[in-house]
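Over in TrEMBL, the protein carries these features:
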| type | residues | note |
| --- | --- | --- |
| SIGNAL | 1-24 | signal peptide |
| DOMAIN | 38-471 | domain 'Amine oxidase' |
| BINDING | 39, 59, 60, 256 | FAD binding site |
């Protein structure tokens with residue numbers, strides 16, 4: 001009964017908002033793109049390259065780039081979101097790595113090879129290297145076993161299982177502090193969620209590393225990693241002499257709150273009361289935002305679409321920066337990363353000293369994810385600093401200096417993102433994933449969560465924008481508007 005009342009009220013709203021003179025309506029473009037992150041900008045460029053230049057990009061914030069965003073921290077330019085180019089050195093060229101090199105952004109190879117010498121007990125300093133090495137070697141053996149199980153399941157078209165279930169098949173679930181720390185480093189550090197919820201078949205082996213290579217490079221450039229988004233944007237959006245984007249087709253601070261769609265076109269309403277009409281809309285909001293009520297679709301998205309969206313996961317990955325008056329941690333080759341093994345899994349586990357990236361800055365980076373990220377976002381930064389300092393004193397002694405500055409990004413609390421990147425959970429097959437990617441009439445969807453092989457990555461966002469735009473181009477120019485979803489189990 002309540003749903004009937006709500007639908008009736010919304011119908012009345014549609015009549016109201018459609019009434020002549022109710023709101024100022026601007027020129028009607030062919031396509032409205034919602035969101036100016038990497039996928040939205042990539043989609044818009046692809047449309048422009050295909051001759052569909054009558055586009056309008058509506059971005060909720062005061063900048064482009066989405067979850068690729070630099071900020072100033074204690075005089076340094078650091079990345080609040082995406083930080084690495086992941087997948088370098090393989091047979092195929094990662095398109096983001098190609099852009100980074102064209103722009104000559106400063107990048108640094110991330111070397112994780114010496115963790116056995118840099119793994120710390122909850123209390124009492126570092127583990128003996130032989131103990132840590134044995135645990136790391138077994139974790140690698142366990143990961144290889146899980147990967148082989150995944151390949152076998154796929155080859156025989158068997159049901160997916162979680163990464164944790166595959167570990168149980170090996171009769172070993174990481175349970176000691178050091179085992180949990182290494183397991184966290186192996187999986188949570190990559191997927192932002194634990195093995196118990198992460199799909200095995202869709203994450204092992206990872207196409208990113210299989211196709212593009214196993215190397216990772218940390219971006220630490222004053223221009224910011226977001227430079228790659230501007231690089232794409234400036235190929236089709238006009239700029240002034242200083243290189244600042246001035247194209248009127250990009251509108252910032254436009255929070256889309258409603259998308260009305262019909263066989264004849266779309267009407268997009270923003271929070272400031274503006275109304276825009278177009279033939280089609282490309283929605284590049286994160287899967288986390290799509291799981292909230294920020295954007296109201298009228299009529300409602302069909303149940304199959306809503307269910308597919310709700311089944312996928314939005315991970316939370318938090319990089320906490322800490323600055324100190326002087327360095328007290330090991331430095332030099334083989335010391336960039338170190339692990340802290342606590343009885344609580346994922347409690348300030350993975351640390352990175354940034355002496356190579358920011359010489360003389362005395363900055364540490366610690367990564368937390370999932371429930372720890374959400375917990376930390378809800379407490380004062382002073383409490384987070386106190387917790388981090390307690391962990392550091394457990395590793396390096398009580399006489400270390402207090403951190404002078406802390407930066408705690410809050411992506412989960414931000415209504416325009418609701419997390420950092422998507423993760424493929426157990427229970428979602430290729431069938432449901434195709435449903436996430438599928439358009440609904442004149443409403444198309446893009447984002448890293450729609451990337452067929454690279455969800456969760458910057459290159460996934462870029463390639464997804466191209467793929468989604470090409471789907472729309474086929475419809476607009478060739479009238480090929482049907483999206484084929486393979487039958488379940490095929």
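Glycine is treated like the rest: Cβ placed from N, Cα and C.
Taking each of the binding-site residues 39, 59, 60, 256 in turn and counting other Cβ atoms within 10 Å of its Cβ gives the largest count for 39. Cβ proximity to the FAD site centre (mean Cβ of 39, 59, 60, 256, cutoff 8 Å) flags the following additional same-chain residues: 33, 34, 35, 36, 37, 40, 57, 58, 61, 66, 254, 284, 285, 416.
Model confidence over the domain 'Amine oxidase' (38-471) is summarised by a mean pLDDT of 97. Site extent for FAD: among the recorded binding residues 39, 59, 60, 256, the largest C-alpha separation is 17 Å.
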